[in-house]
Amino acid sequence: MKLLPSVVLKLFLAAVLSALVTGESLERLRRGLAAATSNPDPPTGTTNQLLPTGADRAQEVQDLEGTDLDLFKVAFSSKPQALATPGKEKNGKKKRKGKGLGKKRDPCLKKYKDYCIHGECRYLKELRIPSCHCLPGYHGQRCHGLTLPVENPLYTYDHTTVLAVVAVVLSSVCLLVIVGLLMFRYHRRGGYDLESEEKVKLGMASSH
């Protein structure tokens with residue numbers, strides 16, 4: 001069904017061309033008749049030359065038929081060209097745009113994929129060079145250097161001070177415990193000595 005409009009159009013063009021060719025031949029005959037009427041007593045040879053003979057007319061008819069056949073053959077042999085629809089044109093433009101966007105890819109995804117050792121690659125379009133965003137603890141152009149942790153002197157001083165205070169407190173507690181035990185033992189021993197002296201005195205008194 002899609003080929004029908006193009007075939008009809010070509011047939012119409014062929015008919016127009018054949019009409020034009022026929023019109024040209026009729027125009028020639030009219031010119032000859034006009035020349036004959038303008039010269040009423042022309043020589044016999046001139047009139048015979050202007051008026052076509054039967055053989056000439058038959059030849060012209062054959063030529064016209066051959067021309068029409070050639071036009072019809074050309075019309076049927078040529079392949080119809082599909083008309084471009086707006087939808088197809090839009091799809092073509094979208095495909096072209098997609099191809100153009102595909103060329104502008106991030107070089108860090110392919111060319112500089114392994115450029116940063118311990119970090120993330122970021123391409124600087126203005127400078128046209130890759131840059132690395134290093135992970136914590138790494139430094140350098142390609143994040144290849146390891147940053148060693150440095151102790152804070154203030155933090156070290158505070159830690160030492162706390163340990164010293166704790167040691168002093170524990171030592172003081174130990175000394176207090178030792179002193180308390182000694183005092184308790186001495187007090188107990190003093191009471192035991194008094195009891196023994198009283199027993200000795202009582203024994204001596206009973207012996208007398």
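Placed from the backbone N, Cα and C atoms, the Cβ positions cover glycine too.
Feature region 'Disordered', per Swiss-Prot, maps to range 82-103 of the set 38-59, 82-103. Within the set CYS121, CYS134, Swiss-Prot assigns CYS134 as the partner of CYS143, by disulphide bond. Among CYS116, CYS121, the cysteine that Swiss-Prot records as disulfide-bonded to CYS108 is CYS121.
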